Every structure is written in structure tokens, then in C-alpha cells.
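Following: one structure in C-alpha cells, then a few remarks.
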Amino acid sequence: MPQFTKEQQQAIDDRGHDILVSASAGSGKTTVLVERVLKEIISGTQVSELLVVTFTKAAAEEMKTRIKTALTKELAKPGVNRKYLREQLNQVDTANISTIDAFCLEVIRRFYYSVNLNPSFKILTDETQAALIKERALREIEAESLTDENSGIRYFYDNFAGDRDANSPRDLLLDLYNFAMAKPEYRSWLKNLAKIYEVNNNIVKSKLWQNQIKSYLLNTFVSLQKKIEEYLNNPTIETKELAKVKEDFSLFTQNLDKFIDAIKNDEDYDQQRNLLRLCKFEVKYRKSAKWDEDIQEFYAETQKLKSEAKSQIFDIFTAFYATDEKEQTRIMQESQKIVSAISKAELALIDRFNELKRNENFLDYSDMEQLAYQILSADTSNSQMAREFYQNKFKEILIDEYQDINALQERIIQQVKNTDKNTLFMVGDVKQSIYGFRQAEPSLFLKKYHGFASEENKHEKRILLSDNFRSTEPVTKTVNQLFKSILSSDFGGIDYSKEGQLIFGAKYYPDALPKASEIIVHKKQKDIDNDNNGIDFSEVEMVLARIKQLKKEHFQVLDSTTGEVRALKYSDIAILTRSHGDNLEIMQEFAKRDIPLFITDAENYFQTFELTVIMNYLKIIDNPDQDIPLVTVLRSPLFNFSEKDLAKIRINSKNSGFYSAVASYVGIGDELSDRCKNFLNKLDELRKFATTHRISELIWSIYAQTNLLEIMTGLPNGEQRRINLEALYERASSYESAGFKGLYQFINFINRMRRSQKDLAQPLLSKEAGNAVRLMTIHGSKGLEFPVVFYLGMQHQYQLRDLKGNYVINPDSLGITLRQEHYRVDSLVKAIGNVTKKRQLLEEEARVLYVALTRAKQKLILVGDIANLDKKVQDWSIELDQSGQLSLADKLSVTNPLGFMGPALAFDKHIVINMNDISNALDQSQSVLYVEYKDSDNFEFKKDEDKVVGDSKNNNYTMDKLISTTKKLYQFDYPFKDASETTAYQAVSEIKKAFNDPIETELENSRLLSSTNRYLQPIDTKPNFLYQTKFTGAEIGTATHLILQYYDYTGDGSEKQLDYEIEELIKQKKLNPDIVPSLHKDQIQWFVHSSFAKSFWKNPENLQREVDFSSLISAKNLFKDFSDANAKILVHGTIDGYFVSNDGIILFDYKTDHVNKSYLDKSINLIKEKYTGQLRLYEQAINEFGEEKVIGKYLILLDAKQVVEVK
């Protein structure tokens, strides 16, 4: 039985009111949540009466697993109600323990009619495909509106015309869409965006000024006023040497006081503007070298304060007082018109986007939440029924990671909540709210955090879980030391020093373990902070050196599985970075040192070597007149042209494009010209192939023709490379399944993904990466823990691009820049919007830092390559106030993590040691070791065990490996000849006999091979009755399938209807009229009126017919004794039909095979055996790509007029 703290037990046992659990990192929140659910179930609340909401599928699955494990343990106890507990255990998998999206989807499936939705909708799971449809909608809106000079859209587009940055009007509309879709009433939200611009010729009296700008100005200048007063009250300033300094500051504060009073008293705008212009430092004075040292130091501090004050005055004036009131009013009025036009354009985009999705019967993720909210909130009888259904169903609603909820999700939960019938249990940590880019609103958590804290509040309760059971004491001390100075009530919304600190609870760590956190710094020679948005590679050198040391000294860690102390493994180490932009370079550095590295969230998919090769091949298949892609393909191991070869080709044709140069070289007549001819022939074949086949088939054909999969598998990290290539095929197939076509459009789609920095994550290996160091982004590490954590990127510049563009979007406003004839000017909404956005971004960056540092269990190592370190240490020493806090102004001026960390780390108060002395220093008592890495430090790297070498951008290194591997491949006696003697593309019609025929599968594989290099089935003998007509059995079967494909289940079902539908197919030239006399209409009539087809008539919208699919199937599942266990074959086919029932998918296939009536059972069994494999393929394809799963497979035997189930 776990021992819970008093607060944990309270969170488990408390009932009868809403509860917010604020659970700090490592405090066991998931354990508490599971234990609470278990207690609910034991006390009689069925698992089906609980709604448990998480924010990821993985978290939902983990939650289910933990609950099942807990119930299983409970079942083993004596005296329990085993029947009841078994029932609950069996219900866990189908219970409402899911993501918010999955719950919304259930609401829609159950009450789709409330919003007039076709129940056979398909989920558009690929966000990038949704983005393509959205872009299509946007282009249609533009085409319809931009030609009209009087249109509102044209008016607002003109305001952004000529922008050179990314902030175009199209970007604005697409960004605004994401904000709108997270709002419960997005239409009214969009329409109200223009209202904030109303000033009514009195800016100071406007709601914008009174509600937002006034408080910001007062907070800023009162803070500055207090800081100056502290200096004026310091005795040092009374010395005669500083008399002029005192006079200067005194005159400044007198004017500042008048300005502050004017703000407080709401004096008119122009008066405030004039008073602010008087806030200057005008007294002249100079520092003397003769002054005492303490006076010189104080003088330096006053000059820094003076510079800060001047900067604040300038920033405030340019943002809020740049023009007089008359001009400012005009700017606001013009901006209001533009924002009104933007809102109308956005609504038009949303409506068109929805229309295009509905035409294809698609729903995307934003639809799920919006439609679910509409169903639950509308003032209709259907919505009331939906609300009451869920309010009565659930006795408690439990929400995990509540800090990540947005306004729409919160409102959905509130619709299910009923004070008289159920309660809310919310668990989260606002310090870990790091998903602002997904419109998460931590303010929702904070509102409850403060509101639930009151002892007078009897209906709502707050519980704090502060004990950290993950980390050693030095790690918790380091985290607390940092965040006491960063997070406060006015920055982050929580007073960390009083309520947010971690309490060391992991007292199970042996005392003898080395625990101290480390800060390893290198003094960079030149400050290039402004240009450095990534990792400095001396940081990687420091990490490599420290890992080397840790391995060499057999650093001891506590194994969480065995409870025993053991030597450090590579897999115990995680390297955390803010972004993934440097992953490939870091992989290269680790590869050079033979230290295994595994990238767990490598969102650089299209930058990997193998994807670069195949994407360039696709580009030249689409258009060969592209020199860079063409040369890349020629130089690749697919064709192995050397640099010398390419030079000869270019010299022969100096002025043409490279494709023309290759074609021209064919006439030279040497060995290279033969290779050029071979390349051009293959390219021509693929270009022709591309015009008649799907993109996915083209990709697989390239793999088969070039052995690209085998080549890449032979390289280091080859299995990951192979999976990457297979995933491209899957993505192309998904792209086409969504209705998109064309190689050119597919390439553009991929390019757009890369440009928008939405590169795809590499599909991870199903197995873990073994003994390798993990490299991941901080966002990717959330929820994980590691014995040793390296944090890189202390100098990584925060991305504040949103503030520099021509618009800024916040939860309650859209601020724009107004374009004038010769200049641009920010509206007041944009000015205060910049302030709000910057604060939100910096608060989130502080939380990101918190998440990173709390991943460490035993050792936290901060790594930084810092320019001007000694100067920075001096500045940091004076930035904290007496309570150890950074001022709000200092926090809001931070530009990188070091700006938060530097002052709190107090470098000046600690002894700095060298890298070589770390081991000896680990016995010291301090919780943090300050380590300097010098360029003279030299660490030899030797090869170690379990190497995993990553990608490299070193062309020679990569190319040598590739060419070597390619030569081995072609000189090798290939053991899997059966794979090489078949194309990787197979039609179901060709493999269905080989799949399941008990006689044929016993033959040698070569019996099934033909000159076309496919596994071919023997041609079936035609049934005797078919010889009586001039049409073959296949032709009649095809015609029958066609009629059943288009049969209308909303008609009257009569013979006249059937005749009418046949006539329509003939008119549409889909059916040959001569075949009609040969059709067996009685078979068709039998089937459409059979009991099997009854559901088709009731819910025809749930019926899908003639569904094309392509799927990768393991060759060993298709062909017995296939030699390569890992080989896959592309299978393409068409499913006759399936019906989506409430329980799942019912799959069926029509068969017109002749049935011998004299031996009916035997004939049916033979047909069943013949086609079982085919239906299993169909089932596998549907289960692999669809949301619902197949629950039944049936053969429709038209000749026998029977429906036969296939197991």
C-alpha cells in the first residue's frame, strides 16, 4: 500500500465539491488521480459514470493501463466483490477515459443530428491536409473579393500590401483562424474585435485606455519612481561628489511625479503627452577617476538606472504618445474599419472552409470541439437532451493537465457539469503551462487557483501538492533557487517563494550518491548573442566531454526498476534543447565521437539524407529542368555520378540547363554517355508512370527500381532510415486518400510544410533506441524524467517576432499597424497588444525553463557558452532586490534563458572549478558546482559500446558510406531473390490465390513467378454457364458490381427502380446496353431486399462502396517461406463495400462465382476458402488507416443467394 502525504490523501478522499489540485513537478499527480478513480469505483461508482479527460492519447492509454493494474491488484485481495470489480475492469477500455477531442467525437457521433451532420463523416487526422483545404478556401475567397475595389477584404489587403516580412494578410487570416477556433462563440468574438478601437474623440476616457493602457502606464512608471527613490534615499548620494547626480534625478522625478498624477487624474491625452516629453535628464556632469571606489560603484549603478529610465520613457512615448490626440483618433478610426473588414473576411474563410470540408464529408480537429460545443450549448430541445444525457451519466469529471485547457474546452466541460449531479476534479500545474501556441489559457487555471483558496468557499477547494518525489535534494534546491527570483504574483501569476517551491520528498536516494547540480560555462571570445538563435557548438563539446567523464568514472545512479545502484548508461542521459533546429548537427558531433544518440522527437524529417534524395527525385520527375535537385539525384548512390562526371557534362554544355547538358552528353559515345542514357531512360519511364499512377505507387516504384530501401538500411541508423522512407509512402497515400491529386501539388505541399516550420516528426522505431543518449526538445520531454539531464541553449534568443510584425493577436484583441503614405504607425491596440503578448511569451518561456529543469532525477547540468561572462556576472549581482527577486521591468526585458538564470545563480558568490576537478569536488557540500570549460581542456574520445550513429551533413562522410554500401549491395549474392524477382507493388486480384490456397502455397515460389515480375495467380476456369453468352463472366460480374455500386437505397426498391437505374448508367455511358440481357436481375433484387441489406435502407449515409486502398503488407504474411522477414509489398485494391454501424465496420464483397447447387455446402466452402485471404487484406487495410475497426466480414454469393461470414 503506497504511503501518501496528507495532501495527497486529501486529494484522493475529498468528495462533494469541486477540487483543484495544484501539483508541482514530481509530486505524484497521476498516482493520486488513479487512486482517486480506484476509490470511486470501489465505493460503487462505475467506471462508465466517470469522465476522465487528458490532453494526449498516450496519457489516456497510460491512465487506462494504470487503472486496470490497480483494479487487478484489488481483485487479488480477499473479501472483495470480484464480480463487480471484473465488470469494471472489462469496462475500462470502453470507458470515457480519453482526450478532449475523443470525447467531443463521441458527442458528435451520438447527437450528430443536432447540427444537421452527415453521420458517415470522416476525420481529417492529418493537420497538413486540413491546412491545404483551408488554403484552397482562402484562395477562393481572394479570387472572389480582391477584384472588387469596394470589397472590405480588398480594403484590408491594401493596408498590408508591400510587406516584405511574413506578416501578410493571408498569414493574418490563417493565424486568426487558430485563435477563433479556440473560442466558444467565435462569431461574436470576431465581430467584437473592432469595438475595442472605439475612442469617441476622447482617448483617455475610452475603454481601451481605462481598462488596459492606464494600468500599464501606472505600473511601469510607479515602479520606476520607487526604484529612483531608493537611490535618492541612499546615503551615498549625499556625498558632494554626487551632488549633480542627485540634482539630475531629483528634477527628473519631479516631472515624472506630475506625469503620473496626470495619468491618475485622467487629464486629457495631449496634456499627458506634453508632460511625458518633459521627463528628461538635463543636468551635465562627469565621473572623476579620483572618487573613492564605493562612490564610483554607486555612480555606475545610477547611470545604469538612468539608461533604463530613458529607455522606458522613449519606448512608452513612441508606443502610446507618438502623435497628438486628433491624429491618434484618426488612426484608431481607420484601424477600426480595417479590423472590421478582417473580421468579415475571417468569417467568410471559416464558412468556405467548412463548406469544402462538408462537401468531402470531412471533419477536422477544430470541428470536433466546435460542433460538440454547439450540440451541448444550443437553446434547442436536442441540445437540452444532449446536455442532460451527459450530466446524468457522469458522477464526476476528472481533468488531467488542466493548465493546458483553452476557453472552448473549458466551456464544453461546463456544459457537462451540473452542480446538483456531478463534481469537477482538476489536476495541473500552472508552472508547466507551455502550450500557448495551441491557445492554452493558464489564466483559467489561475482564476480557480486563487478563487478556490478561500476558506469561506465551501463549494470549491484547492489542494497543493508540493512534495517532489522525483529529484535529489540538490536538484530541488537549484530549481527553487532559480524560480524564487523569477515567478511571482505579477509574473506568472503565482508567488513561487510562498506557494510554488518544491519540497524535497525523494528520501529514498542513498546518501553516498554524487548529487550536486552543475553549471558548466565557457567564456566565449565574442558576443554574438543577437545572431545566435540556436546551440553554440562549444556547448556540444562540453556535453560530450562531461559524458566522457561520467562514463569513465562509472558515475553511479539509482535504477528505478531494480532499486539498486549501478553504473551510468547512455540511456540514463537526456539532452534538452528549446528547439529542434540543431538536431542534425548535434547528431554529427556525437557520431564523430562514437557516442550513441537517439532523437526522440526529431522534427527534421525532410532534412534527413534519405528524404532529401527521394524528394529531389520526385521534383525532377515532375520537372527535370531543376539543376539542384537533378545534380543531387545524379550524385546520390542511386546513380553514383562523381564530381568529375558532373564536371565533364557541364563542360560539354556550358550554357544550357543541366538536364539539357545530360541529354546532350548522350551523343559523346563514351562510358559516361551510356550512364547518362540509362539515367534519362529511367527518368522517362518514371515520368510516364507518374501520369497514370498514384503518387504513393510512384514512390514505391522508385524504391523497387533503385533498391533505395536496401541501400539506406545498410547505413548507420539504417532501420530508422528505412522507416522514414516507408513513412513517406504512407504520407503520400494519406494525402491522396483525402482527395488531393497531382505530383506538383504534393511537392508544393511538402515545401509549404518546410517553409512554415511544420516539418514532420520522424516516425519512431517501434522499439526503444536501446543504450543511447536521448536528444529532445523541452516540449517533447514534458512528463518524462531522466537520471542525468543536460540543459543546452542558455543563450538561445527568445523568438519575439510576433511583436515586430504588422499585427498582433491576443485572446481578446487584434492589434494592427496602419499603413500611411510614407510610414507605418501602430494603433494603440497594437501597442498595448505588444506589451501583453511579450509578457505572455516571456512568462511561458519561464515555464518552459521550469519544465526542463524538473526533468532531472539525480543530476542537473546547465551548459552555456557565454560572451563577456565577467561583465555579466557584475551586472547580475545588482539585479536582485532585497527579497531575492528580479524586478518586473528586468523580467520583461529578458532576451534569453540566461537573463532569468544569471542573477539567481549568483556566480560571484561561488568558487569556479575546472572540468578536470569536478570528480574531486563532488564530495563538497554545495548543491551547485560552478565549472569553467577552457579551450585548452582536451578530452580524448574512444569508441564505446552500443554505438548509434546519426545523420551527418558532411557530404564526403555520408557519400563514402553510401557508395561503399551500394557497392557491397551489388557485389553481394542477394539471399532474398524472391523479393528481387517481384515488384513491390501487387494488386489484391493477383495475390488473393497465393495468399490462402492450401495447395498452391505448398509449391515453390518460382511456380508463381512470371516474366512480369509479379506473383500471379493462375487464371480461373470460367463457369460453364458463362459460355452461353458472348460476354465473359468477368464482364458480367463487373456490370453487376457497377449496378450495386450506384444502387439508390432511398428509392422504393421495385423492379422499375432497378430498370431505371440501369438506364441511367447506360445514359452516363458507364454500362454497355448489350450486356443487360445477360444480367441476373433476380440476384440483385434478392440482395437489396435481403436481411443483410436492411440497414442500408435505414441508414444509407453509413454505406461506403467501391473504396480504393493501398497498403504496405508484410511479405511473409502474403507468401509462405518468403525469405526476407522485414520485406513489405505494396498492395492495391478496391473494397466492394462496408457499412459503419454503431459497433464498428461490417465489410462485404460481392461474388458472382458459379455455385454447384447439387453440392451447395461444399461449393460455398471452396469459395469461402478462395476469398478469405482477400477479405483479410481488406480488413487489415481498414483497421490500419481508419478510426473504426472491422467487426465482421461477409461474402455476398449472388449465384447462391446467400450471405456467408468469413472469420
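Glycine too: its Cβ is placed from the backbone N, Cα and C atoms.
These come from Swiss-Prot:
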type    : residues                                               : note
BINDING : Ala23, Ser24, Ala25, Gly26, Ser27, Gly28, Lys29, Thr30 : ATP binding site
DOMAIN  : 2-472                                                  : domain 'UvrD-like helicase ATP-binding'
DOMAIN  : 492-783                                                : domain 'UvrD-like helicase C-terminal'
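Here the features listed in Swiss-Prot are placed on the structure.
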| residue | record | contacts (Cβ under 8 Å, 6+ apart) |
| --- | --- | --- |
| Ala23 | ATP binding site | Lys29, Val32, Val427, Gly428, Asp429, Leu465 |
| Ser24 | ATP binding site | Asp429, Lys431, Leu465, Ser466, Asn468, Gly500, Leu502 |
| Ala25 | ATP binding site | Asp429, Lys431, Gln432, Asn468, Arg470, Val479, Leu502, Tyr850, Val851, Thr854 |
| Gly26 | ATP binding site | Asn468, Phe469, Arg470, Ser471, Leu502, Gly505, Ala506, Glu785, Thr854 |
| Ser27 | ATP binding site | Gln8, Leu465, Ser466, Asp467, Asn468, Phe469, Gly505 |
| Gly28 | ATP binding site | Gln8, Leu465, Asp467, Phe469 |
| Thr30 | ATP binding site | Glu62, Met63, Arg66, Asp400 |
Three-class DSSP secondary structure - Ala23 (ATP binding site): strand
Average model confidence [pLDDT] within the domain 'UvrD-like helicase C-terminal' (492-783): 84
Mapped DSSP class for Gly28 (ATP binding site), helix or strand or coil: coil
For the ATP site built from Ala23, Ser24, Ala25, Gly26, Ser27, Gly28, Lys29, Thr30, further residues of that chain with CB within 8 A of the site's CB center: Asp429, Leu465, Asn468, Phe469, Arg470
